[in-house]
Amino acid sequence: MQTYLLSQQFNARSLAENSTACPANATICNGTSCVLPEDHFNKTLSIILSTVLTIMLALVMFSMGCNVELKKFWGHIKRPWGIFVGFLCQFGIMPLTAFLLSLVFNVLPVQAVVVLIMGCCPGGTASNVIAYWVDGDMDLSISMTTCSTLLAMGMMPLCLFVYTKIWTDSNAIVLPYDSIGISLVALIVPVSFGIYVNHRWPSKAKIILKIGSIVGAILIVLIAVVGGILYKGSWIISPKLWIIGTIFPAAGYSLGFFLARVAGLSWHRCRTVSLETGMQNTQLCSTIVQLSFTPEQLELMFTFPLIYSIFQLLFALLILGGYRVYRRYRVKTKTDVEKTEEKEDSKSTSSPAKINGGFVSNETK
């Protein structure tokens, strides 16, 4: 009887151990080895969030379009000097910078390729929102984003062919032309509606623009946070890629601003070109990487687009903060100067004939 009870206790204990070792949803269990059904939670969550973010982004681009004047926008198309400078920055400076950073830091070939893919991507739509907050040229910003996305159809394969030859065959990189096309449609359609609203109802367009700019700023932060949550399992990555992910966007902003200034563009257009250069379409880069590489290769560099996205946002916020401080100081100083000049003018204009011998200039009339 005692042997039977001991046997029963042993069986109960082993069953309890097996029950804790094997989850309830396991399909096949052999001791501690269990086969679990595939977890689609992250994939489903990613699809849902992508859909929601795409709709929100379309609404934000609609509001950005409400700040675009058709005549000025068409003027940039007819006299595309600003767009041409942006083109040189986007498909000249960025791929070359990616190539040089990969050589300097001597990263693995597969890691060099992902850095180059990022450098060859067109500008992201987040640049339009930041350009609005730094008083940039919105007509130029949106025309540059549209043109760079359209030209990416041909320029991305060309740049990747030129720069990736020493590391891999460019034919091994799969370019998702459908994703580029969707990005282009998602940009052009809402912006076109926004331009129409601004043309027909300018007072309502200003209200939509204010709301959209705030939502856009929240959306940019939300995308970064969501990316960090979804890809939290891929944070183990080479320190060299962390360093490149920090330097790369900063170099894009700086070189874009410098080239625009050398080309003779005004200050607010220089800020616009700078943002369009440094802020890349990181979602497109992630798509290309997932389509082109094996799971083993992805472990070495999949997080790089997210790292770039985070640092491009941080530097953009620093630019925004610096500009706002500068603007507040400049406007305050300028106002003080104008008040002083007004007082001096009021004294001088009280008897202009005595000061300049009876001659009154056109400026004082």
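Glycine is treated like the rest: Cβ placed from N, Cα and C.
Nobody curates TrEMBL annotations by hand; they come from automatic prediction.
Annotated in TrEMBL:
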| type | residues | note |
| --- | --- | --- |
| COMPBIAS | 335-347 | compositional bias 'Basic and acidic residues' |
| REGION | 335-365 | region 'Disordered' |
| TRANSMEM | 45-63 | transmembrane segment |
| TRANSMEM | 83-105 | transmembrane segment |
| TRANSMEM | 112-134 | transmembrane segment |
| TRANSMEM | 140-163 | transmembrane segment |
| TRANSMEM | 175-195 | transmembrane segment |
| TRANSMEM | 207-229 | transmembrane segment |
| TRANSMEM | 241-260 | transmembrane segment |
| TRANSMEM | 306-326 | transmembrane segment |
Counting only residues 6+ away from its ends, which parts of the chain sit with a Cβ under 8 Å from the transmembrane segment (83-105)?
-> 76-77, 111-112, 115-116, 118-120, 122-123, 140, 143-144, 147-148, 151, 155, 159, 162-163, 167, 240, 243-244, 247-248, 251-252, 255-256, 259-260, 263, 265, 273, 276-277, 280
Are there three or more C-beta pairs under 8 angstroms joining the transmembrane segment (306-326) and the transmembrane segment (241-260), sequence spacing 6 or more?
-> yes
Do any residues of this chain, six or more beyond the ends of the transmembrane segment (140-163), have a C-beta under 8 angstroms from a C-beta of it, and if so which?
-> 64-65, 68, 73, 76-77, 82-83, 86-87, 90-91, 95-96, 98-99, 116-117, 119-125, 127-128, 131-132, 170, 173, 175, 177, 180, 183-184, 187-188, 191, 269, 272-273, 275-276, 281
